[in-house]
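I have placed the structure first, in the form of structure tokens, so that the comments after it can refer back to it.
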Amino acid sequence: MSLQMITVSNNTALIQPGFSLMNFDGQVFFFGQKGWPKRSCPTGVFHFDVKHNHLKLKPAVFSKDSCYLPPLRYPATCIFRGSLESEKHQYIIHGGKTPNNELSDKIYVMSVVGKNNKKVTFCCTEKDLVGDVPEARYGHSIDVVYSRGRSIGVLFGGRSYMPSAQRITEKWNSVADCLPHVFLVDFEFGCSTSYILPELQDGLSFHVSIARNDTIYILGGHSLANNIRPANLYSIKVDLPLGSPAVNCTVLPGGISVSSAILTQTNSDEFVIVGGYQLENQKRMVCNIVSFVDNKIEIREMETPDWTPDIKHSKIWFGSNMGNGNVFLGIPGDNKQASSEAFYFYMLKCAEDDVNEDQKTLTNSQTSTEDPGDSTPFEDSEEFCFSAEANSFDGDDEFDTYNEDDEEDESETGYWITCCATCDVDINTWVPFYSTELNKPAMIYCSHGDGHWVHAQCMDLAERTLIHLSEGSNKYYCNEHVKIARALQTPKRDLPLKKPPLKSLHKKGSGKIFTPAKKSFLRRLFD
């Protein structure tokens, strides 16, 4: 094993805990960025180009018939092949968190539809499910098993928001373990079936899953209800006859206590478990080899890499599997120095350099990183692009360059901000206040200066006023700037009153002015 530090050009702000990596024929692609995609890369998917220990993110494009893929963090991903012998594969993506801190229950299928020397074109499709549809979640796993010439997906574990009836102001965004149900998902017909296995008593998240032919192995994980990381090892075997599937679970000895570990495959019968946590905020520095001999699983410790002092002393770390026995790791930077990076990155090579890059990887665990906390501020961009033309980035300079300046400062933008001195809208405690609010607090734009967003609730706006201001184009000034704005306004000029013209009849020496009616009356009188 070898550990190398990776330097990143100018796009480190995108790489945050919860991202995912996909490997297509030796090329690695990144998705799950911090915040919504921007103009510089509307798809939010990047080519993860690492050369000479230097990382460069290059925007990837989607085909015209692709659906929109939001930047999901902590989703479940896996590789799907039509058969065990097939070389072409797709990636299945389920669940995860959006930048608005909402949970997804959708299934996306990512495939390569075009490739040349400059770029790769993806096609992303959304799969609709019927039957026992898994609830929205994150930190779970999805894998594909093959039995009797057929294939099916197996989904397990994860965390979800508490039921609506139990969500109160203080615990509005609190999460709980999902029920320990096993879901079989038919990707071809979109059918999902739930199974209750007596061996699985507790919900687990951030566990490691390994798929081998018709069997899924589940080890480690974190039980949020009990706050434990049980050293369990489960074997879930799926039989796919012509009729209904048969699902059986067996508890095996030799498990390990770990959560948020990263799994990478070094050869057809051997895997390496890297990183993770053994206790809260206590990293697990030991690496394990998982080997299969005669369909029996064996887990043993291996020689650890030469961890740097920064890695040893950091409280958290995160990363993802790059494929081909490589793992991408990140740790927080030194906040004591103003010029320090937010994160430092490393690449751990667990396999020899002569490993066949076209090896058939049949496994993938869920996004391998512990959730650092639900209080992280998330960004909501003003721009959304649901599709991109295949030739949107034909220019070399535009395609190869990602402009970090296009990203906004998340501490000052988005729905989860401090909009005024008395702002009390918090991502952990926010509850709908107006009937028009669904998943995020209502905001109104203050026109003072360059303008800024404020929460309607913090400004004590009545709902009728909020709707009126939202529908109209009138300028609005928040409580802090309304007096300043009034002082800057020019007083309106009073227009002179319009009076009808008067044609006067002036009698000599009288000094009187007569109206046309009186003038006509006098003419008749004197005549």
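From the backbone N, Cα and C atoms, a Cβ is placed for every residue, glycine too.
Under the heading region 'Disordered', TrEMBL lists 359-380.
The annotation compositional bias 'Polar residues' is assigned in TrEMBL to 361-370.
Annotated compositional bias 'Acidic residues' per TrEMBL: 371-380, in sequence order.
Residues or ranges marked as domain 'Recombination activating protein 2 PHD' by TrEMBL: 414-491.
Here TrEMBL flags Cys419, Cys423, His455, Cys458 as Zn(2+) 1 binding site.
Within the same chain, residues at least 6 positions away in sequence whose Cβ sits under 8 Å from that of Cys446 (Zn(2+) 2 binding site) are His452, Trp453, Val454, Tyr476, Tyr477, Cys478, His481. The annotation Zn(2+) 2 binding site is assigned in TrEMBL to Cys446, His452, Cys478, His481.
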Taking 8 Å from the centroid of the Cβ atoms of Cys419, Cys423, His455, Cys458 as the cut-off, which other residues in that chain fall inside it around the Zn(2+) 1 site?
Ile417, Thr418, Cys420, Thr422, Asp424, Val425, Val454, Gln457, Met459
Centre the Cβ atoms of Cys446, His452, Cys478, His481, go out 8 Å, and tell me which other residues of that chain have a Cβ in range of the Zn(2+) 2 site.
Tyr445, Ser447, His448, Gly449, Gly451, Val454, Tyr476, Tyr477, Glu480
Return the residues near Cys419 (Zn(2+) 1 binding site), defined as same-chain residues 6+ apart in sequence whose C-beta is under 8 angstroms from its C-beta, sorted by sequence, else 'none'.
Val425, Met443, His452, Trp453, Val454, His455, Cys458, Cys478
Quick one: DSSP breakdown of the domain 'Recombination activating protein 2 PHD' (414-491) into helix, strand and coil?
16 helix, 8 strand, 54 coil
When the number of other CB atoms within 10 A of each residue's CB is tallied over all shown chains, which of the binding-site residues His452, His455, His481 has the maximum?
His455
